[in-house]
Structures are given as C-alpha cells and as structure tokens.
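Visitor: Would you mind keeping the following structure in view while I ask a few things?
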Amino acid sequence: MKRLIQLSKRRVYGILAGEDALDRACEGIPDSGCHELPFNFSFNVVNGAATKLAEQVAGPNLILVWLLQLLGSPVWMFGFLVPIKQAGSLLPQLVASGQIRRLTVRKWVWVAAGVIQALTLLLMIPVALTFSPRVAGLIILGLFTLFSVASGTASIAFQDVLAKTIIKGHRGRLLASRSLIGGVLTMTAGAILPILKAEGRSDLVTVFVLIVVGAALWLIGSVCFAVIREHPGETQGGRNPIHEMTIGIDYLRRYSGFRRFLLARALLLSVELATPFYFLHASHSMEVNGGFIGQLVLAIGVAQVLSSPFWGRLADRTSKTVMTYSAILSVTAALLILWVAGACPASWQQVGFFISFVLVGLAESGIRLGRKTYLVDAITNDDRATCVAFTNSSVGILALLAGGAGIIAQWFGSDMLIAGLVVAGVLAIFSCRWMPEADLMLNDPNG
C-alpha cells in the first residue's frame with residue numbers, strides 16, 4: 001500500500017509537472033529534499049488551489065465590494081479594498097523578511113498567516129450584522145488590513161519555501177497548476193451562485209456563505225502547507241529592516257535590470273487594482289445580484305483555467321514575456337469594458353462583460369505568475385527574500401496612493417479612471433519589453 005501511494009504521488013507529480021520521471025528533479029534543491037519533490041509539489045498545488053478559490057469567493061475584487069454595497073457603506077470605501085490588499089500585503093514585508101530569515105523552517109509562517117486570514121474573514125460577519133453601514137465599513141476595512149498584512153508575511157515565506165522545495169524549471173508549472181485547479185473550482189463556485197439566487201436566498205446571506213467558505217479554504221490551505229516537507233535552511237542571523245532596506249537600495253543602484261523590473265512592477269499595479277472599478281463601471285449598466293456576481297466569478301475562473309497551462313510553461317522559459325503579454329491583455333480588457341458599457345447593444349452587454357472579465361482574469365493571472373517566477377529565478381538564495389520584500393514594499397507605497405482612485409472615480413466617473421488605466425497599461429507594455437530576461441537581471445551592473 002505504501003508503495004502504491006508513493007507511485008500515485010509520482011504519477012500526480014508527472015501529470016502536473018509534465019514529466020513521468022524524476023531524472024532532472026534533483027537539481028537546485030538540497031539532496032535531502034530530492035525524493036520528496038512529488039510530495040511537496042502535490043500538497044503545494046492543493047494549497048494553491050484552495051487559496052486561489054478563497055481569493056475569489058471572499059476577496060476584495062468582487063465579493064467584499066459587493067458586501068460594502070449591500071451594507072450601504074460610502075462609495076469611497078469600495079476603491080480602498082484592493083489598495084489595502086496591495087499595501088497591507090506589501091509594506092510589512094520589509095520588516096517581516098528579516099525576521100523570517102531567522103527561522104530554519106519557514107513554512108509555519110505561512111500556516112499562521114493562513115489561520116489569521118480565516119479568522120479575520122469570519123469576524124466580518126458579526127460586524128456587518130451589528131454596526132451601522134459607515135462604522136461596519138470602516139471596521140471591515142480594518143479587518144481586511146490585518147488580513148492583508150498576514151497575506152504579505154505569508155508571501156515572503158512562500159517564496160523561500162518554494163525555492164527550497166521545488167526546482168527551477170518546475171516552479172512556473174507549479175504556480176500554473178495551483179491556478180488551474182483553483183480556476184476549475186472558481187468556475188464551479190460561479191455556476192452555483194445563480195442557483196442560490198434562484199432559490200430565493202437574500203444577497204446578504206449569499207455573501208455570508210461565501211465568506212464562511214473562503215475562511216474554510218484558508219484553513220485547508222494552512223493544513224496543506226503544514227505537511228510540506230521543508231528541510232532546515234540557512235538563517236545567517238536574520239537582518240533588521242534598515243539592513244534590509246540598504247540591501248534593496250544597493251540592488252537598485254547597482255543593477256539596471258532590477259530597476260527596470262521595479263518600474264514594470266509599479267506600472268502593472270494598475271492592472272491589479274482595476275477589477276473593482278470595472279465592477280463599478282459594469283454596475284451602471286447591469287443589475288448587481290447573485291446571478292451577475294456569479295457570472296463574473298465564473299469568468300475569472302474560466303480565465304484561470306485558460307491561462308494556467310500556457311502561462312506556466314511560458315514562465316519557465318521567459319517570465320518577462322508572460323508579463324508583457326499580460327499587460328497587452330489588460331489594455332484590451334479595459335478598452336472592451338468601456339465599449340460594452342458605452343456603445344454595446346443592451347442585449348449583448350452581459351456577454352460583453354463576461355468576455356471582459358475573462359480577459360481581466362487572464363491578465364491578472366499572467367502578471368502574478370510572471371513576476372513571482374521572475375524574481376525567484378533572478379535573485380540568489382541569500383538575498384531573494386530581501387529583494388522580494390523591497391520590491392513589494394516599494395509597490396505598496398504606490399498602492400496606498402492609489403487608494404484615492406475611488407474618490408477620483410466618484411468625482412469624474414469610472415470611465416475616466418479606466419481611461420487612465422489604459423494609459424498605464426500601455427506604458428507597462430513598453431516597460432516589460434525593456435526588462436532583461438530573469439537570468440540576466442543581475443548581469444548588467446550599472447548598465
């Protein structure tokens with residue numbers, strides 16, 4: 001039986017990674033972890049599938065925006081959800097990365113963060129039922145800030161655990177497999193939402209059910225990450241935040257490739273912040289209910305399924321190209337959103353918005369996968385966590401500034417804001433093309 005289980009693990013690994021054997025699976029990770037690669041790969045994929053689904057059924061792009069709308073919270077709060085997610089996830093990482101490096105085994109950081117994320121989601125339900133719309137909205141934003149800080153801390157640990165347990169050349173496929181399975185599950189969730197609406201459930205009850213499901217998925221993800229076999233690694237005593245910042249600035253000063261990546265990463269932030277504004281723009285033309293939300297969730301799930309195999313294998317060859325193509329898709333999606341809401345016949349608007357959100361999902365998946373794979377492949381083990389934290393903290397500052405986009409949309413209209421996102425997307429395309437390949441990022445000092 002034990003032998004059968006081992007063979008099954010290898011078979012699952014072969015299907016997901018695209019290989020039936022482990023002939024090349026022992027390069028780039030410790031010898032002690034070589035034969036545990038299929039085990040770690042499989043549980044990492046399950047962890048990713050659960051959390052990818054959680055991000056869609058209880059995330060800031062759609063569901064939490066819908067919750068605030070149902071509560072009657074002020075409109076400006078809608079625009080702050082994704083910036084809080086970005087800034088709350090990214091800014092604390094400069095402090096967290098130094099502390100994480102003190103740990104020989106770092107998977108427990110992710111596990112603890114996953115539990116915190118589940119608890120903060122669950123606390124939103126009594127808050128929504130107890131307080132006035134404005135106060136409830138503010139508390140929900142506060143809870144989501146804590147959620148995002150935990151997410152950012154987990155991100156640093158994930159990058160290190162990924163590098164220690166999965167070989168280069170398989171990381172993109174692993175991330176793509178996580179997204180693929182999560183996408184299939186997201187499609188299922190999107191198909192179920194209209195059924196809940198048809199059964200007469202109120203929209204608020206539907207949101208609460210989704211939040212509970214999301215919290216349960218974060219707990220499942222924590223259990224899966226806890227069983228990953230991570231062997232103790234180097235600590236080098238850890239670093240303090242000032243030292244972390246110094247190293248990041250040194251990389252920025254010395255390597256033109258790192259500067260170009262940081263510029264592209266900043267411009268691509270416009271894509272990651274866009275979905276709530278697309279939702280707001282679509283709500284001007286469509287009635288927002290469980291059925292419509294379900295269709296948008298289904299569209300994002302379709303995007304994950306379509307994007308995962310292509311993006312993953314392409315990222316293992318050239319993550320730079322993944323980021324470039326994703327930026328092109330984001331511009332296409334923004335232009336389509338504007339056309340559907342402004343000029344498309346009413347009978348075709350529902351289909352038009354569905355296609356638009358598929359393109360948005362394709363772009364977001366590609367950007368997320370591309371930038372993660374790029375840094376993991378480009379930076380050495382010693383400074384990977386520091387450079388990831390420095391990059392994310394820098395982008396987090398920009399995300400905080402982007403929180404005012406909701407106010408801009410309220411003053412000038414969502415169409416003007418989306419037009420601005422189109423401009424940022426075009427600049428991102430050229431910036432991504434200007435980047436070196438990941439393997440060459442540190443080969444051109446002072447270039």
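Backbone N, Cα and C atoms are what each Cβ position is placed from, and that goes for glycine too.
Just so you know, TrEMBL annotations are computer predictions that nobody has curated.
Source: prediction; values computed, not measured.
In case it helps, TrEMBL gives these features for our protein:
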- 108-129: transmembrane segment (TRANSMEM)
- 135-158: transmembrane segment (TRANSMEM)
- 179-198: transmembrane segment (TRANSMEM)
- 204-228: transmembrane segment (TRANSMEM)
- 262-280: transmembrane segment (TRANSMEM)
- 292-311: transmembrane segment (TRANSMEM)
- 323-342: transmembrane segment (TRANSMEM)
- 348-367: transmembrane segment (TRANSMEM)
- 388-411: transmembrane segment (TRANSMEM)
- 417-435: transmembrane segment (TRANSMEM)
Visitor: With a Cβ cut-off under 8 Å, give me the same-chain residues at least six positions beyond the ends of the transmembrane segment (108-129) that come close to it.
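Guide: Answer is 51, 58, 64, 67, 71, 96, 100, 136, 139-140, 143-144, 146-147, 150-151, 153-154, 156-158, 161, 204, 208, 211-212, 214-216, 218-219, 221-222, 225-226.
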Visitor: Taking residues 6+ outside the transmembrane segment (135-158), which of them lie with a CB under 8 Å of any CB in it?
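Guide: Hits for the transmembrane segment (135-158): 60, 64, 67-68, 71, 73-74, 77, 80-81, 84-93, 96-97, 100, 106-107, 109-110, 112-114, 116-117, 120-121, 123-124, 127-128, 385, 388-389, 392, 396.
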Visitor: I'd like to know if the transmembrane segment (292-311) touches the transmembrane segment (417-435) in this structure, counting it as a touch only when three or more C-beta pairs sit under 8 Å and are separated by 6 or more positions.
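Guide: No; fewer than 3 Cβ pairs under 8 Å.
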Visitor: Apart from its near flanks, which chain residues at least 6 from the ends of the transmembrane segment (348-367) lie with a Cβ under 8 angstroms of it?
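Guide: Contacts with the transmembrane segment (348-367): 179, 268, 271-272, 274-275, 278, 282, 285-286, 295-296, 298-304, 306-308, 311, 322-323, 325-327, 329-330, 332-333, 336-337, 339-341.
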Visitor: List, by number or range, the same-chain residues at least 6 past the transmembrane segment (179-198) whose CB is under 8 A from its CB atoms?
Guide: 45-46, 48-53, 56-57, 206, 209-210, 213, 289-291, 293-309, 311-312, 365, 369
Visitor: Hey, which bits of the same chain come close to the transmembrane segment (292-311), Cβ under 8 Å, at least six residues off its ends?
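Guide: Distal contacts: 52, 56-57, 61-63, 66, 172, 176-177, 179-180, 182-194, 197, 279, 282, 286, 322, 326, 350, 353-362, 364-366, 369-370.
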